[in-house]
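Written below as structure tokens is the structure these notes are about.
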Amino acid sequence: MGTKLKKSNNDITIFSENEYNEIVEMLRDYSNGDNLEFEVSFKNINYPNFMRITEHYINITPENKIESNNYLDISLIFPDKNVYRVSLFNQEQIGEFITKFSKASSNDISRYIVSLDPSDDIEIVYKNRGSGKLIGIDNWAITIKSTEEIPLVAGKSKISKPKITGSERIMYRYKTRYSFTINKNSRIDITDVKSSPIIWKLMTVPSNYELELELINKIDINTLESELLNVFMIIQDTKIPISKAESDTVVEEYRNLLNVRQTNNLDSRNVISVNSNHIINFIPNRYAVTDKADGERYFLFSLNSGIYLLSINLTVKKLNIPVLEKRYQNMLIDGEYIKTTGHDLFMVFDVIFAEGTDYRYDNTYSLPKRIIIINNIIDKCFGNLIPFNDYTDKHNNLELDSIKTYYKSELSNYWKNFKNRLNKSTDLFITRKLYLVPYGIDSSEIFMYADMIWKLYVYNELTPYQLDGIIYTPINSPYLIRGGIDAYDTIPMEYKWKPPSQNSIDFYIRFKKDVSGADAVYYDNSVERAEGKPYKICLLYVGLNKQGQEIPIQFKVNGVEQTANIYTKDGEATDINGNAINDNTVVEFVFDTLKIDMDDSYKWIPIRTRYDKTESVQKYHKRYGNNLQIANRIWKTITNPITEDIISSLGDPTTFNKEITLLSDFRDTKYNKQALTYYQKNTSNAAGMRAFNNWIKSNMITTYCRDGSKVLDIGCGRGGDLIKFINAGVEFYVGIDIDNNGLYVINDSANNRYKNLKKTIQNIPPMYFINADARGLFTLEAQEKILPGMPDFNKSLINKYLVGNKYDTINCQFTIHYYLSDELSWNNFCKNINNQLKDNGYLLITSFDGNLIHNKLKGKQKLSSSYTDNRGNKNIFFEINKIYSDTDKVGLGMAIDLYNSLISNPGTYIREYLVFPEFLEKSLKEKCGLELVESDLFYNIFNTYKNYFKKTYNEYGMTDVSSKKHSEIREFYLSLEGNANNDIEIDIARASFKLAMLNRYYVFRKTSTINITEPSRIVNELNNRIDLGKFIMPYFRTNNMFIDLDNVDTDINRVYRNIRNKYRTTRPHVYLIKHNINENRLEDIYLSNNKLDFSKIKNGSDPKVLLIYKSPDKQFYPLYYQNYQSMPFDLDQIYLPDKKKYLLDSDRIINDLNILINLTEKIKNIPQLS
């Protein structure tokens, strides 16, 4: 009868004929009864199901139809199985009850329970089991029951309280329940339950998870079955739910096909994290490459009963796809199940069994042959083979540049066609993964493909799904490779590469307990981290196979058992997305290698719960996170990662050998690579140099981020510059960084800095922090490809503050070198600048000067400086290793590896790219419409302000903060001259000086026209703030002086005669200013002592001022000023329309000069010149 009533869901039937009749009768009784409860309980709900089902109903149920409660059920179970249940809803009352009765007798507890009366916080129900019915449907793992429930209502109850005889049993159940009223007929209850007959054990027992569908209205059996099928669709995550019998049959068919009788997991190919040994010894010319999507691995299994997906744990999903023809039945193919917005995909990357052939160990079927078989399956079975032409289909020559250009175009066309086909699909879209197989013409070829795939798919957004990494598959091996974990470094395996930020270890976790058995809570007393903030200590376990059984053991690094200190929110330990993480589950962690000065327990950061592995632990007591040996291997990739930049360098034939040499020389040593993020260590070393760098940044920010500015800070890191923007009076600030940990997770994150600043500073501007990568476009779609798994609040910030928003100033301090790695990254960065910067807005940049480093490294491999510590050991302060070749064209992709002892652990190198001033100025003008306003070397600023900083701060009336910074910089200057407390300080100062003087700053403005006579605003602002006599700066545009670039000469006399001839009729009052540079050699860097000399030329009745400036490169320039003391100020009088130049500025120039002369105290002794 049941089968005849089904009219949907592929005629799926839940009830047998007998069950059907019994349930009809139960529904009739429910409709006629007053106090009957009718509910369906779903068995075998594990933690992954619990989380997925909860999330599903939260997303589809209106907020006013959702209830959540935490309460304690105390049930008195009588010999006749009837139940008297008291529910306590007040958490304080629950705590008091547990404390009071933890050691009491059962009789005392029973008498207390019966003494309670119903109230707002107490609910009492009597369950009459004798009046109910129960049907178990094992084939669908559900129980259908009806029970009489009589609530006790104060003063209205029809039943009396039970008498305590001592024969009662007590059961305690602490519940966290979510209730969803999904329609007018039914309610879904999802409950996390801790059950125990012993009260004091209640909070220590593991959770069970319950799912119930309860009727709230009268319905017929067809409606009930339809409701149940809808729930099964959610539980099984499929449109076609299947019974336990069908699932068991599919698993049995799979085991028989592959002759793997005892397994509870897929017999799939192992994929291991790639390391330098694999790159050096195995991958070149022997591997193909494809992308790894952010999806789940499944086998697709074709049978005569349908097509199914088998998960790692042999969970079965049935697909809504017609049965294939007989030749393609008993077929197994390996792939990724990928969910995207609006479409689901299954991407096949290998074949296991097809048309009677087992491909697992057959060496005659290499990868290229299996690819042909996969293509045929996709075409014949699913009709989704999208054409992709091999290079040799259209070309005869094998040249890397031609191949690269061809595949870039072919991939773009392929994915365009792919998306068109996908958008037309209404069901699961099944197609192939695309492999690029090298021709073997150069060892760099495979890495060229890997670099191309990653950048085009991620930063150019070619794919409709997010990437999780790159897969390297051996060309000449069968599907399965024989060899255990011990052989992973001795034979070719399949390798997985992930960006270093996503290298993670899966741990089985247990929280430390207190004396009561509950999770222990500790409080952080560190002011630097989070004073007084509560946290839990999480013990981190991995799996170890011992005598054929897997057991969890605590993960160790250098013999130290690893733990994670996880801060709590509302009493719950949470992952980075704010989701609670629970005891006895498997959680994915990343390790923040940038927290250099913190204990390891603060560096482990939980990313997400791994529900698949948690399920495996709960079902089979297997997969306690990663296996120990696998975890150790991943740890090596965390501490010595293969970065995107290394892959890119390996993909360039001109730098391949050099990169291989670096990987070989430093393999398993302290030469580590770190990408895209670095932060200053908490150290007193080179405090003067750091203060000097910050002083320059402060003045840039204060000058160009004026009151009311809206600022976008690209590469804001952990917010070290926030106070600078606050002091500048900005109105609104948005900081962007690729490192989400530095923005939000760690204790000294940008967000935490902002919160702390708000406590001490009034009227602080709104500041927001967005996890984003400027190498991709600032759109949500683009950023989700680069940073998969970002939380919803970050998506909201991108849409709100990046998409369609423009800023007065964009700040980019010491990060632009990351965006010059390749053309695609640079183009995206420039598009972002163009899209986000207002007209007439400013772009502020600091970076190494590429010309300086390029010149110093000509014919050399490295540039470094060192110092001797207090133990007499010589330490490298910084080292730059040249990755590029001297023959490379200056511009993009000029790679160096930088070790900086201030930001990195010993041996940790950061890949950067040289920033060449000429390239930067030309490219930003062409791509963004930016004009250079001003730029100079830190070296020149350093020399210019030497006299100022060598004076004590007391002479300037500074604030305490300013005086501290001034003092640090002053000591830096003095140390360089040998005037310090000890030789170590002198040594460190000189070593740090060599690093700092490699830097340059730039200010660009977004405007189509710019006046070359515009002054150096940074210098003017500096001078105003320090109230110091104005120095003549080594700039072309400085202190509102106009420099006549047309009359530059190396002969001062010719310049002077030119001025005299030009202004013969004005009888000028002339001063000749000579900028003398006395050079002191310090290793290969020169210290310059500036000296200003003045010569009085001639007096006049209506004096004019003419100046000659000698630049550091020994060029002489005429400078023009005119004093309008005898006439009112009029802009028209100082502007030369015919030359479109300002001849002079107002009284301020003369005032500046007078101050300068007075400060020198030389005016009285200046000789007259005829």
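From the backbone N, Cα and C atoms, a Cβ is placed for every residue, glycine too.
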According to Swiss-Prot, LYS697, ASP737, GLN813, PHE814, THR815 bind S-adenosyl-L-methionine; so which of GLY708, GLY715, GLY719, GLY720 is the extra one listed there?
-> GLY715
Recorded S-adenosyl-L-methionine binding residues, LYS697, GLY715, ASP737, GLN813, PHE814, THR815 - maximal Cα separation rounded to whole Å | 18
What three-state secondary structure does DSSP assign to GLU912 (site 'mRNA cap binding')?
-> strand
The average per-residue pLDDT within the domain 'mRNA cap 0 methyltransferase' (684-1007) comes out at 88
Have a look at the recorded positions LYS292, ASN693, ARG753, GLU912 and say which one has the shortest Cα distance to THR815 (S-adenosyl-L-methionine binding site).
-> GLU912
So of ASN693, GLN813, THR815, which of the binding-site residues has the fewest other Cβ atoms within 10 Å around its own Cβ?
-> ASN693
Per DSSP, to which secondary structure element type does ASP737 (S-adenosyl-L-methionine binding site) belong, with helix, strand and coil as the options?
-> strand
Could you measure between ASN694 (mRNA binding site) and LYS724 (site 'mRNA cap binding') for me? Cα positions, answer in whole angstrom.
-> 9
Smallest Cα-Cα separation from GLU912 (site 'mRNA cap binding') among the binding-site residues ASN693, GLY715, PHE814 is shown by PHE814
Helix, strand or coil: which one is GLY715 (S-adenosyl-L-methionine binding site) in, per DSSP?
-> coil
Taking LYS724, ARG753 as the recorded sites to compare, which has the smallest set of other Cβ atoms within 10 Å?
-> ARG753
Distance, LYS697 (S-adenosyl-L-methionine binding site) to HIS817 (site 'mRNA cap binding') (CA atoms, angstrom) = 17
Looking only at Cβ atoms, how many others are within 10 Å of the one on LYS292 (active site, N6-GMP-lysine intermediate)?
-> 18
